[in-house]
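Straight from TrEMBL, the features:
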- 41-141: domain 'Ig-like' (DOMAIN)
- 148-233: domain 'Ig-like' (DOMAIN)
- 256-339: domain 'Ig-like' (DOMAIN)
- 354-450: domain 'Ig-like' (DOMAIN)
- 456-547: domain 'Ig-like' (DOMAIN)
- 554-642: domain 'Ig-like' (DOMAIN)
- 753-929: domain 'MAM' (DOMAIN)
Amino acid sequence: MYVSHIEGQALHICQPLPPLRTFRGSQANNMFLLLVSTAPPTVRIIHSGHACNVEEERHTERVYTIREGETLELSCLVTGHPRPQIRWTKTAGSVSDRFQDSSVFNETLHIAKILRTQGGRYYCKAENGLGSPAIKSIRVDVYYLDEPVVTVHQSIGEAKEQFYYERTVFLRCVAVSNPPVRYSWHRGREVLTQGSDKGVEIYEPFFTQGETKILKLKNLRPQDYANYSCVASVRNVCGIPDRSVIFRLTNKTASPSIKLLVEDPIVVNPGQTVSLVCITTGGEPSPLLTWLSANDSLPQKSMVKGGTLTLPAISSDEAGVYSCVASNNVGNPAKKSTTIIVRALKKGRFWITPDPYHNDDNIQIGREVKISCQVEATPPEELTFSWLKNGRALRSSERMVITQTDTDISPGTTNLDIIDLKFTDFGTYTCVAALKGGGIPEISIDVNISSTTVPPNLTVPRGKSPLVAREGDTVELECLVSGKPKPIILWSRADKEAPMPDGSMQMESYDGALRVVNVTREMTGSYRCQTSQYNGFNVKPREAVVELIVQYPPTVEPVHTELRQGLGRPVVMTCRVLRAHPSRVLRFEWLLSNRLLHAGPFDTQRDDTEYTIRSLNRDGWGEYTCKVINEAGAGKCTFHVTGKAYAPEFYYDTYSPLWQNRPRIYDFKLQWTQMNPNAVDRIVAYRLGLRQMGQQRWWEQEIPVDWTINKGELITHNLTELIKPESYEVRLTPITRFGEGDSTVRIVTYREFHCSFEEEPICLFTQDKNDDFDWTRHSAATRDTKYTPNTGPSGDRAGSKQGFYMYIETSRPRKEGDQARLVSPFFNIAPKNPYGITNPPAYCFGFFYHMYGKHIGTLNALVKQKGLVSSDVPVWSLTGNQGERWKQAKVSVHPTASFQVVLEGIRGPGIEGDIAIDDVTLEEGECRDPPPNLSAIAQSTSLHIWLLCITVVMTLLEGQR
């Protein structure tokens, strides 16, 4: 048996480990295996953009402050195996609108030139199918300061049109900002404060909540006529400078007044050019003139020059209210409006109403008949109607009564009542609509009254219902309309409340036919055709119903799927029918490429058809198609049978798996597992591609594999000769007898180790199983109210009560001398030659400690090396009370093999002995200006001598071999 330790997880008792794989030539000692299990995702957010500050105080989450226009860059660091999928999302924050781009599927969220509307809460979500997704959030606060604006007002009822004199004046300063702005007032070079001048009062209105500061000048004095400046400041946060504005107050200061040199309303014909002129008649400073339309935006082709708005070739769509606004920040803006009316006639219609006193829809001699004519006119009061009979003017009489609705009502309607219809009354009646003054074409509507004028009737042509069509066809639903005149036909759904094909609830047809392009299965159903009163008889509507049946090919699943299998193994493909119309399926066909494999009638007792390859050979690779066919066409299931290997999955859970090689060179321990290795033939090699970020050229290398890879095996390959601090793109492709499989790409980035214990996995640190008690992850914000006073920190190393740190709790049942050890993940170094390292590389191990309390014991830092006997001699040690503050420790270490760092806390003589640590770092190279630690100097020297002795002994033993 053996014990396998997966970094960041508990120890497991496992089956015997396969022998270490060795490789020929340059591959020797460059690739090996471990057994790895899956791990659920963890996530933490780091920043690398232009942050002003990252604060945790007073918040349950981190707050990232950035200046508007800078670059936001947030990275989501995840662990977990298989590699979790990362997704960035955003919800609205206090200074943001809803996120337009809702998701970013990338490790890094990059927003160049960030806008204030892009502030808010950003979430990073990582999931790999194991357990619950890991989610962390950070709030982005965008800081900005706009130019301040000063407005001037008099107290209500005291305003004069031309100037201010012996009146109370209010100067109001407003600047849009985040964070809240602070205001200061100056008169000339004099700083104005509350109480500095009896004639001046400075205050913030309660209802504005600090959004403005008002300068009140009580009973204006001669010295009050001066230059006033308002300075807006956000106290230089994010380097945002103060902004100021100057306003000159004189005895001529006045609010604006204007005059429009146009009529109201303006009635014009379409195509005319309209000019609206607005002039100022008062105001100091000189007012600024602007034009607005009813919807706040002017027509695209409009032109504004000074106070003149020109609308060339105006159309009916551009009619409406136009307003001239004058503003000079004194008093209220002045506003004058005018309405432009574009003359028009449209939508001419008619209808015939038989004698309402008889229950008969037909026109008969001796009875009354009424002809109605309707037109939409602009302006409605200009609308005039006239009637003609057979082209000759018709005047109102006792038997021919002409009436018209109120001219202010739109649409306008005129009626011609024919009393006691005679044979001589038959003929063509024309309704003519016009606008007074001309300029607009008239609308003429002809209505024929004769013995052939009969009410409508609707029928569906033989063979046109039910109408059978195939999905995608163009169909024409028909209703035959008889009668004279023929009315407009209205089409709608008869079987349910549903929109018509054009999206409306009702469609019009002038010939009774409804043409539908590209019919879909959802259009199957009943359609109602119905006569309208317009252009026909004003009688009870006639209607008929047409049935539409849309046939469609079978809907099948799967539409497309990939099947991966090794040679000599069986493959089963199943195509299932979900729905079809007609539901009676005729036959099926199985094809490989275009070659028919199997065909036959579909079994009506089942909803699927199956094809089996008993033993897959090389000729069996390819694309298989199953066609399930009915009268409307074929549904297709596609199966891509391949021997392509699945992609490898990089293992990210080893923290910073890199080591020092030479001062400007670094190596990287690349680790991965193979997804579903037994699904296809044995993987015989991997093709490794490597290129420096920003470069085009790939360097490729083939890594042979001479064993059968099992699921969960962790494969390791050392990347060498990488240049600091460059990043590299790594591409890994498995190779089988089939050929190349799916590739996986990752980025290798050079970075140092840093842990602030903000996330629950605590950077893959683990608790020693052989000590007396454990270190505890803690934050001051969640500290137990029963905590021991006079010991321990009040916040993390940065001073945040929300931030986390590790500490040892020395209350009972702990006793003096009890030990708690926190063990780091392994850090790897690479031997330069087969006989060991003669000049061990240097690393600077640093951390912050807090040792406050009268019973403080000892804090030790030790180094454990892989394959070597552990030494109990610390490389750094400190004992006793060091005061109520965080201090930094740094010590250089020189390991000769992969190593771990151990932080050991030893309990002192009493309960006031809590020891805390935070911000642990490991950097390559000797420590620069390490803080003094006299108690550790002798111990560190002893350890270096001990390590050197072990190195010499190992070198001698290798030489004897």
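The backbone N, Cα and C atoms fix where each Cβ goes, and this holds for glycine too.
Fair warning: this is a prediction, and the values are worked out from it, not measured in the lab.
Within the model, the domain 'Ig-like' (554-642) carries an average pLDDT of 92. Helix, strand and coil counts under DSSP for the domain 'Ig-like' (456-547) come to 3 helix, 43 strand, 46 coil.
Taking DSSP states H, G and I as helix and E and B as strand, the domain 'Ig-like' (354-450) has 6 helix, 49 strand, 42 coil. Taken residue by residue, the domain 'Ig-like' (148-233) breaks down under DSSP into 6 helix, 40 strand, 40 coil. Helix, strand and coil content of the domain 'Ig-like' (554-642), in residues and according to DSSP, is 3 helix, 58 strand, 28 coil.
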